[in-house]
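Marked as domain 'Glycoside hydrolase family 29 N-terminal' by TrEMBL: 2-333. The site 'May be important for catalysis' annotation in TrEMBL covers Cys262. Summarising the annotation, TrEMBL assigns domain 'Alpha-L-fucosidase C-terminal' to 344-429.
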Amino acid sequence: PRYRPDWASLDARPLPAWFDRAKVGVFVHWGVFSVPAWGSEWFWWHWQGERRADYESFVRQRYPPATTYADFAPHFTAHDFQPREWARLFQRAGARYVVLTTKHHEGFTNWGSPVSWNWNSLDMGPHRDLVGELGQALRESNIHYGLYHSLLEWFNPLYLADKESGFKTQNFVLKKTMPELYDLVLKYKPDLIWSDGDWEAPDSYWNSTSFLAWLYNDSPVKDTVVVNDRWCDNCSCHHGGYYNCADKYKPGTLPAHKWEMCSSIDKLSWGYRSNMHIAELMDEASIIEELVQTVSFGGNYLLNVGPTKEGVIVPIFQERLLALGRWLDTNGEAIYESKPWRVQMETSTDSVWYTSKGPVVYAIFLIWPQDNVLQLSSPTPSPATQVTMLGFAGTLKWQKSPRKGLLITLPSMLPSPVPARSGWTVKLEGVK
C-alpha cells in the first residue's frame with residue numbers, strides 16, 4: 001500500500017523487524033560542541049541563547065576576546081578519527097546498530113551538506129565526510145546505521161524569521177531542513193532516522209508527514225528504514241515509528257508500542273566534557289540494569305558516548321562499552337531477538353527481570369542471593385522443567401517452592417571481598 005502524508009496512514013506502517021530484534025545500539029554525539037567540550041552539547045545555547053554566567057566566564061578565561069561559536073569549528077579536527085576502530089569497538093560492545101549525529105541544534109553538518117555552506121565537516125574543521133566514513137566502516141562490520149538529525153537550528157536566521165512569523169512561513173524548512181533530510185537518505189541510505197529538535201513547531205511547519213510518506217513509499221530504504229517519534233511539537237509518544245517519548249524514558253510497565261530508551265554513559269551530558277568526574281559516569285552494573293529493565297519492557301537500549309574533537313572515544317567510555325559487550329557475550333541469548341514474557345519482573349523484588357523466546361523463559365537476576373538459592377515465584381514449573389545458567393556448563397538443581405514458583409540452587413561462587421559483577425541469567429525450559 002502507498003502511505004498518505006497523514007499520521008493515520010503513516011502510523012499504520014509495520015516497523016521493519018530488524019529493529020526489535022537488534023535490542024542494543026550505540027549513540028554518538030559529535031560536533032563543534034566537542035571543541036569547548038564543557039557543560040554539555042547545548043554549549044552555544046547556554047552561552048549565547050541564555051547568556052549563562054558560567055558559560056560566559058568559561059569562554060572569557062579560555063578564549064581570546066570577541067570569540068564566536070563559529071571560531072570553534074577549525075578546532076574540530078577529527079585528527080584521530082579512525083572509523084574502523086570505532087566500528088570494531090561498537091561491535092565488541094554488542095551493538096547491533098549505531099546512531100551518529102549528522103547535525104545537532106547548532107546546525108553544523110558532519111557531511112558536505114550542499115545547503116550548509118562553510119558550516120559543514122568538508123568545508124571546515126575535519127575536511128572529511130564523517131557521516132560517510134563511519135557508515136562505510138559500520139556496514140563492513142554488519143552493523144545497522146542510524147542518522148540523528150535535528151530539525152531546528154537555534155541561531156539560523158531563516159529559522160528565527162519563521163519562528164517570528166509564528167511558523168506561518170517555511171523558508172527554513174524548504175531551504176535547509178528538508179533538503180538535508182532528503183540528501184542524507186539518498187546519499188547514505190540509512191537504516192534509521194533519529195529525528196530531534198521538533199518541539200517548537202507543528203508537523204504542518206516541518207512538512208514531516210510528506211517527508212515520511214516519501215521515505216516509506218519511494219525512497220531507496222522504503223522497506224527497511226526505521227524512524228522515531230520526534231517529528232512535531234506533539235508527536236512524541238504518539239506518532240512516527242518507534243517511540244522515544246523522552247530522553248532516558250522508563251515506562252515502568254509494558255508499553256503497547258515498540259520503544260527505545262536512550263541513555264548516556266556521562267550522566268550529565270551527551271557530548272564530550274573535558275571536566276567530567278568518574279562519579280558522574282554510569283558504572284557497569286547500572287548500564288546492565290538499565291539494559292535488562294528496558295528489554296524486559298520490550299524496548300531497545302541506545303547507549304551514548306561523546307567523542308573528543310579529535311575523534312577519540314576516551315578510554316573510560318571504551319571500558320564501559322567493552323564491559324557491556326563482555327556481559328552480552330555470556331547473556332546475549334536472553335537479550336537479542338527476545339520478547340517480553342507474561343510478567344516483566346518479580347513482584348517481590350526489582351532485581352529479577354524476565355525475557356522470553358518462544359517457550360523458553362530467561363530470568364535475569366541483578367543481585368546474587370546470599371544463600372546461593374534463587375527464588376522465582378512467577379514461573380510455574382512442571383516435571384519436565386530444566387534449568388541452566390548462561391555461561392555455566394551443566395544443569396542446575398531446582399525444587400518447587402513451598403509457596404509458588406521454584407527454588408534454584410546456583411553454582412557456588414568463590415567467596416570474594418569484591419562483590420561479583422552484575423547480572424546473571426537462568427534459562428528455564430518447561431515452565432509456564
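Cβ atoms here come from the backbone N, Cα and C positions, even for glycine.
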Cys262 (site 'May be important for catalysis'), number of other Cβ atoms within 10 Å: 22
Averaged pLDDT score, the domain 'Glycoside hydrolase family 29 N-terminal' (2-333): 98
Within the domain 'Alpha-L-fucosidase C-terminal' (344-429), residues counted as helix, strand or coil by DSSP: 0 helix, 43 strand, 43 coil
